[in-house]
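Enquirer: Just dropping this structure here.
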Ligand code: 13P
Ligand code: SF4
């Protein structure tokens, strides 16, 4: 006999009660949920993630490595991304069709990625077309950008880069076109192009709030790399004065910074590289060596505790942490996992098919480089 009562979908488990659970209880529930989901679940974690959360990541890495891992995920059905929104979008674009990607807290964004949106980039492209031939201009987006900007690059013959491969990507761009429009991080663009010998006079900054980006036509005509006026609020806190102070107080200390830092900081540093590079450099450094590191606080603290034989210091006297990444915490992770098990998944990140297709073109160009 068929029931006359329509079967209703189970309601989503609400988030609020998770806030009141003790860390130990949350950790136990997360462990149990991981066991239940087994191989169908892959938790990816970015190096900036807090320790309490990163301990549950099956795989961790910087933006490049995490993209590669998402592209290679061949057993799982669900990816929970402990990172920020653009990373989860990238995982959705690169993972197999049947894989679903979740971000435990939708508010985990990236303030730099928010500094360029599709309307602003399209209108910059149209304005630039009045002064230079955009057929000669290669759009290059840092992976810290929305999927529709990656799709913009895909549609215009362009490419994505990360902080690990920005130089190879610009070389790829210059082999094909005369100049590049680099967004949204002016510092990564400037530091990389300068390292390749492009003079500052050929790198005008495009301010999307100003007519013609605030540039005279001659400056755009002379450009090799047009830098979008965006930055990371965490990495811009490191200053040359912090390096000078360490060098005064601890002669011989090595300074290691992320390329999202401003040029004046990169110029004073001994080494510059992505989070993965920073990690490897410190791990391979000789015992007893001293390091002042300019990148996100959670990574530096973890490096200090996992390398007790080295003297590891945070470069800034201020607390520079990625507040949005920090939104992924134990309550959100447990809530996300338990809803998944109950069949009421929350916070799925889904890039629309057309955007995903073109974003993938630009991402694949990058992934094919190495
Ligand atoms: P990585 O490419 O080093 O992972 O950097 C990403 C990021 O957001 C740094 O702020
Ligand atoms: Fe974005 Fe900066 Fe956070 Fe990286 S550290 S995710 S660039 S806000």
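Glycine is no exception: its Cβ is also placed from the backbone N, Cα and C atoms.
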Enquirer: Determine which of 46, 298, 313, 332 appears in TrEMBL for the same iminosuccinate site as 63, 142, 143, 144, 163, 258, 259, 260, 275.
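Expert: Answer, per TrEMBL (iminosuccinate site with 63, 142, 143, 144, 163, 258, 259, 260, 275), from 46, 298, 313, 332: 46.
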Enquirer: Need one residue: from 82, 110, 153, the one TrEMBL lists with 232, 322 for [4Fe-4S] cluster.
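Expert: Between 82, 110, 153, TrEMBL records just one in the [4Fe-4S] cluster site with 232, 322, namely 110.
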Enquirer: Cβ within 8 Å of the [4Fe-4S] cluster site's Cβ centroid: which residues qualify beyond 110, 232, 322?
Expert: 84, 111, 112, 113, 144, 233, 234, 235, 260, 296, 324, 325
Enquirer: List which of the binding-site residues 46, 142, 258, 260 have their Cα within 10 Å of the Cα of residue 232 ([4Fe-4S] cluster binding site), in sequence order.
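Expert: Among 46, 142, 258, 260, the ones whose Cα sits within 10 Å of that of residue 232 ([4Fe-4S] cluster binding site) are 260.
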Enquirer: Could you list, ordered by sequence, which of these binding-site residues: 46, 142, 258, have a Cβ under 6 Å from ligand 2?
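Expert: Close enough to ligand 2 is none of the binding-site residues.
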Enquirer: If one measures from the C-alpha of residue 144 (iminosuccinate binding site) to the C-alpha of residue 110 ([4Fe-4S] cluster binding site), what distance in angstrom results, rounded to a whole number?
Expert: 7
